[in-house]
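As annotated by TrEMBL, ATP binding site applies to 129, 130, 131, 132, 133, 134, 135. Residues or ranges marked as domain 'Mur ligase N-terminal catalytic' in TrEMBL: 38-112. According to TrEMBL, the feature domain 'Mur ligase central' maps to 128-334. Per TrEMBL, the feature domain 'Mur ligase C-terminal' maps to 361-489. The feature N6-carboxylysine is assigned by TrEMBL to 238.
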Ligand SMILES: CC(=O)N[C@H]1[C@@H](OP(=O)(O)OP(=O)(O)OC[C@H]2O[C@@H](n3ccc(=O)[nH]c3=O)[C@H](O)[C@@H]2O)O[C@H](CO)[C@@H](O)[C@@H]1O[C@H](C)C(=O)N[C@@H](C)C(=O)N[C@H](CCC(=O)O)C(=O)O
Ligand SMILES: Nc1ncnc2c1ncn2[C@@H]1O[C@H](COP(=O)(O)OP(=O)(O)OP(=O)(O)O)[C@@H](O)[C@H]1O
C-alpha cells in the first residue's frame, strides 16, 4: 500500500533556524530546553518525519497526533508543537513541548517561518470552486510557461516543480507540505505557482501562511455534502479564499449563481467573468469579462475573451467543451489581474498556435484513429457529468456510451443525481464500481440504478462489475462513430478497496480493451 502513497516534496537544502527564535517571534509558551536546538523542517505526520523536524501534533478525526510523540522523538524530531490535550499525551516523550491553542491553525504560520516562504515568494495563483480547479490550474501553468516563466503546480492530479512531476495525495496538501513544496520550488527557480484550493483546505487551514496574488472562483454545485452540512456551509467554506488573509485580488466566474454571492461576500477587490450562452444573461451583462466559444472540434475549442474597454483575445486550447473555454478565460484574466498584459499573453499564445496544455484524465482521449472514441474523465459530480457528456455528444456521430461508478464513503446524496444525469445524456449506460473504500460496491451500484431510473430518457443500461470488465463490455457494444465516456477515475493510478490502494489505471485499461477488441 505504501508504495502507492506519493512522496512529500521538501527543500533539498533546508537552512536550519533556531527554535528559540520561533517561540520568541510567535510569543509561544513552552516546556523543556530549546537553546541550541535547530529546526530544518516541519510535519504533522510521523510517517513523513525527518530528523531535525518540528512535529506538530494535531487533534485528528481519529486520533490525537500528539499520541505519536514518542515515535516522533525516536525519528529525530527536535520538539513537538501541540495543544493542552496533546501536551499531556506527549509528556513522556522527552521532547520539548511548544503550546498553541490550535495546532492546525498554527501550522501554516510555523511552516512559513521554518521554510522562509514569505521571503521573496513567487507569484501565487489559487483557484477554488466545485469543478474546473485542476483544469484552470493546468491552464494557468501552461500560459505562464508560454510567457517564459519557470512554473510550479499543485493540483489533485500532480504537483510540478519546473519539469519535475509527482502524483498528488490530497488536492491541497497540508500546510507543512505546502510550504515545503514552495521552498523546493524556490530552489528550482520557480517564479509562478498555480495552486488548486479545495474547500477542505480552507476549512482545515491548509493554505494558511500563503497570500495568493490572485484567487479564482470557477463555480459551485452539488458535491462534498459528506463534509459540509448543506450547500450553504459548502459555499461558506469557499468564501474565505476571497479574504485579505488569503488573497490580494480575485477573479470570479459568474457561470453558476454562487459567483454573484462570492462577489458580494468578497473582502478583496474582484473582477468578474461569465460565459456567453451558459451564464444567466443578466450575469453576462454585468460581467467585466466575457468568454464566447467560437469554434468547437473534437481536437480543440476556440474562444474569444473580451474585457473592459473592448480589449480582446482570440485563441484556442486542445480541450473539449465550453466549460474548458470558461476555465481558460478565467486563467487568462487571473494572469491579467496579476499584472501581465493581455496583449503579451495574446502574442505568446498566437506564436504557439494557442494554449499548449495537456490535462491528464480531463476528458482525455485514449483511443486511436480507428474505432470508437474513448475519453477518460475525472468528473464525479452531476454538473461535471452534464457538461462533459454534452461536449462528447457534440462530436459523436454515433451513440454516446457512458461508463461510471460512484465513490464509496463520500457524499452519497449526489449518487441519484449523478446517475440521472448520466442516463439522460447517454444512449448506453454501463454502471460499474469506482473506489468502494469501505462500502459495499453492489449497494452503491443499486443506488445508481435507482437514480438512472429517474431519468426521463431511458438509455440501454448494463450493470457490470468490476470496472475492468465494464470498459470491455462498453467497447464490445461500441461501433465506429460511437464515443465512450468513462467518468470518475481520470488520472488516478489506483482504486481504494477497503483502504488498500490497488494499482489500476483506467486509461491503461481502456487502451487494453480497445486493443483486445482489435481497434488498436
Ligand atoms: C477529513 C480530512 O481531511 N482528514 C485529513 C486529516 O485526517 P484525520 O483528522 O483523520 O487524522 P488522524 O488519522 O486522526 O490523525 C491525526 C494526526 O496524527 C497523525 N498521525 C497519525 C497516525 C500516525 O501513525 N502518525 C501520525 O503522525 C496524522 O498525520 C494527523 O496529523 O489529516 C490527515 C493528515 O494530514 C489527512 O491525510 C486527512 O485527509 C484525508 C486523507 C482525506 O481524505 N481528506 C479529504 C476529505 C480531503 O481533504 N479532500 C480535499 C478535496 C478533494 C476534492 O477536491 O475533491 C483535498 O484537498 O484533498
Ligand atoms: N468550469 C467547469 N464547469 C463545469 N464542469 C467542469 C468545469 N471544468 C471542468 N469540469 C468537469 O469537472 C471535471 C473535473 O475537472 P477538474 O479536475 O478541473 O475540476 P476540479 O475542480 O479540480 O475537481 P476536483 O475537486 O474533483 O479535483 C472535468 O473532467 C469536467 O468533467
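From the backbone N, Cα and C atoms, a Cβ is placed for every residue, glycine too.
Sequence features annotated in TrEMBL and their locations in the structure.
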residue: 129; record: ATP binding site; DSSP (3 states): coil
residue: 134; record: ATP binding site; DSSP (3 states): helix
residue: 238; record: N6-carboxylysine; DSSP (3 states): helix
All chains considered, the count of other Cβ atoms within 10 Å of the Cβ of residue 133 (ATP binding site) is 26
DSSP-assigned states of the domain 'Mur ligase N-terminal catalytic' (38-112) in counts, ordered helix, strand, coil: 33 helix, 18 strand, 24 coil
Given the model, what does the mean pLDDT over the domain 'Mur ligase C-terminal' (361-489) come out as? 95
Inside 8 A of the center formed by the CB atoms of 129, 130, 131, 132, 133, 134, 135, which other residues of the chain have their CB, for the recorded ATP site? 127, 136, 196, 218, 219, 327
C-alpha of residue 135 (ATP binding site) to C-alpha of residue 238 (N6-carboxylysine): distance in Å? 18
Can you tell me how far the Cα of residue 131 (ATP binding site) sits from the Cα of residue 238 (N6-carboxylysine), in Å? 13
Validating a neighbour-count step here. Other CB atoms within 10 A of the CB of residue 134 (ATP binding site): how many? 27
Would you count the other CB atoms within 10 A of the CB of residue 132 (ATP binding site), including those on all shown protein chains? 29
Hey, how far is residue 130 (ATP binding site) from the residue listed as 'N6-carboxylysine', Cα to Cα, in Å? 9
Spatial neighbours of the residue listed as 'N6-carboxylysine' among the binding-site residues 129, 132, 133, 134, using Cα within 10 Å, are 129
Residue counts (helix, strand, coil, in that order) that DSSP gives for the domain 'Mur ligase C-terminal' (361-489): 51 helix, 26 strand, 52 coil
